[in-house]
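Chemist: Positions annotated as domain '3-octaprenyl-4-hydroxybenzoate carboxy-lyase-like N-terminal' by TrEMBL: 11-99. Feature annotation from TrEMBL assigns domain '3-octaprenyl-4-hydroxybenzoate carboxy-lyase-like Rift-related' to 114-314. TrEMBL lists 165, 220, 228 with the feature K(+) binding site. Under the heading prenylated FMN binding site, TrEMBL lists 169, 186, 187, 228. Annotation source TrEMBL lists active site, proton donor at 277. If you look up TrEMBL, you'll see 320-456 marked as domain '3-octaprenyl-4-hydroxybenzoate carboxy-lyase-like C-terminal'.
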Ligand SMILES: Cc1cc2nc3c(=O)[nH]c(=O)nc-3n(C[C@H](O)[C@H](O)[C@H](O)COP(=O)(O)O)c2cc1C
Ligand SMILES: [Mn+2]
């Protein structure tokens with residue numbers, strides 16, 4: 001496993017496989033960067049690295065689409081795989097499984113260094129000026145310029161026992177203030193409530209342009225009380241390198257491109273939002289007064305690179321950076337419940353509204369359950385898993401004879417294997433986040449509706465020798481003939 005310890009090392013690796021597009025032509029932070037980045041997701045083109053930005057000092061750069069998908073054959077998930085230390089051609093389900101495996105390992109606390117590149121420039125107090133950074137106005141209807149779309153919000157409980165690392169968007173207000181979306185059920189909201197009870201503003205560090213694995217744990221629903229940076233240490237089998245912040249009692253990644261330090265007020269608010277959001281639409285109702293972060297210090301690397309995620313229609317970083325770690329946690333929770341799970345997946349192209357659980361093909365022999373009983377069991381475990389289940393309205397339950405990270409195979413299995421009459425198991429009155437086109441931001445926090453498991457299991461209905469045979473390349477010709485066809489592919493004239 002290759003642990004990349006900075007955004008710059010990550011960009012070097014992306015360059016080697018043609019997944020980054022340096023753009024030297026001058027571009028405007030005012031909507032142009034957003035539009036180029038959005039089009040690059042939709043074409044699955046390389047991640048744009050903008051090096052010349054209108055009105056911004058030379059040197060500052062923007063990397064957009066750091067976790068987008070690739071159009072290169074076999075490299076669909078390469079940006080995510082490299083970020084997580086895996087080979088560029090790793091399959092989606094293998095990435096999810098690697099994350100799930102690390103949940104069973106002992107967390108590894110960070111190594112605290114005396115200094116690091118993130119301290120190359122230090123602005124304190126009145127010298128703080130966030131306007132020097134190339135913060136984009138992303139979508140045409142956004143409420144402001146978002147500086148925090150792909151960084152880590154680091155906050156600690158007042159008693160010091162728990163530090164949480166997560167991603168929640170933050171909007172620029174002026175040179176030393178941000179407006180922050182902090183939903184109460186998120187860990188940042190839970191920690192903020194503890195500071196409010198104490199009557200003190202919440203100290204926070206916002207680390208932007210961090211080592212590439214971190215955003216994936218920032219989007220992971222680890223249980224309350226767990227430090228995401230220790231989990232990532234366990235994932236890589238070695239500690240992360242952190243340094244002390246200047247003005248708050250928090251540790252920040254040594255190689256971060258930009259670190260914003262300050263305090264989140266419980267009384268000062270500023271209008272924040274709306275913004276394009278992960279279900280794929282502009283979330284109009286998310287425009288409201290939000291808590292203000294008063295900035296006390298900014299530190300940054302020379303020639304700092306701001307990472308940008310352009311949230312909206314799939315597939316962007318909400319889907320890869322939130323969906324894939326959620327699938328890993330789902331796999332872990334099912335393993336702990338002794339369900340014979342192979343891997344889980346949130347279908348990225350569904351904007352993570354369809355979730356897939358794949359079982360080992362011998363699940364029926366091992367458990368003796370019928371497929372309906374198994375579907376009920378899987379639904380109970382996943383939908384009962386608290387915050388993990390909040391954004392999971394539909395589960396497709398399949399066997400591990402398809403690649404669940406290939407949406408074509410998932411659609412085919414869902415369409416052909418869910419029994420027309422017995423293929424659905426419903427769970428009434430479950431809490432869920434639902435499309436912002438139907439419910440406003442407040443209603444969504446308490447909304448309850450039916451959830452469903454689509455039972456696409458076959459193993460209890462078809463005995464040995466009876467299982468439907470797929471009429472595809474892998475199953476309808478002998479291994480020998482398949483090999484011959486593959487070896488001769490170019491000889492036939494294909495490229
Ligand atoms: C790129 C990206 C952007 C995200 N933006 C938000 C956001 O603005 N608000 C939010 O509540 N969750 C957002 N999330 C999802 C949270 O990071 C996720 O729910 C995570 O589990 C929260 O961390 P926590 O479990 O420590 O609270 C985002 C995730 C990613 C990967
Ligand atoms: Mn957390």
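Placement of Cβ uses the backbone N, Cα and C atoms for every residue, glycine included.
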Chemist: Name the residue among the recorded positions 228, 277 whose Cβ has the smallest number of other Cβ atoms within 10 Å.
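Modeler: Comparing Cβ neighbour counts within 10 Å for the recorded positions 228, 277 gives 277.
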Chemist: Consider only the binding-site residues 165, 169, 186, 187: which of them have a Cβ under 6 Å from an atom of ligand 2? Write none if no residue does.
Modeler: 187
Chemist: Please check each of the recorded positions 165, 186, 277 and report the ones with a CB atom less than 6 Å from an atom of ligand 1, ordered along the sequence.
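Modeler: The recorded positions passing the 6 Å Cβ test are 186.
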Chemist: Out of 165, 228, 277, give those recorded positions positioned within 10 angstroms of residue 187 (prenylated FMN binding site), comparing C-alpha atoms, in sequence order.
Modeler: 165
Chemist: Looking only at C-alpha atoms, tell me how far residue 220 (K(+) binding site) is from residue 277 (active site, proton donor), rounded to the nearest Å.
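Modeler: Roughly 18 Å, rounded to the nearest whole number.
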Chemist: If the prenylated FMN binders are 169, 186, 187, 228 per the record, what's the largest distance between their Cα atoms, in Å?
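Modeler: Spelled out: the longest distance between any two Cα atoms in 169, 186, 187, 228 is 18 Å.
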Chemist: Return the residue, from the listed binding-site residues 165, 169, 186, 187, 220, with the maximum count of other C-beta atoms within 10 angstroms of its C-beta.
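Modeler: Of the binding-site residues 165, 169, 186, 187, 220, the most buried by Cβ count within 10 Å is 165.
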Chemist: DSSP on residue 187 (prenylated FMN binding site), three-state: which is it?
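Modeler: Going by the DSSP assignment, residue 187 (prenylated FMN binding site) falls within a helical segment, counted as helix.
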Chemist: Can you tell me the CA-to-CA distance separating residue 169 (prenylated FMN binding site) and residue 228 (K(+) binding site), as a whole number of Å?
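Modeler: Answer for this pair: 18 Å between alpha carbons.
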Chemist: Between the Cα atoms of residue 165 (K(+) binding site) and the residue listed as 'active site, proton donor', find the distance and write it as a whole number of Å.
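Modeler: Here the two Cα atoms lie 21 Å apart.
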Chemist: Around the K(+) site (165, 220, 228), what further same-chain residues have their C-beta within 8 angstroms of the site's C-beta centre?
Modeler: 152, 164, 166, 214, 217, 218, 219, 222, 226, 227, 229, 231, 232
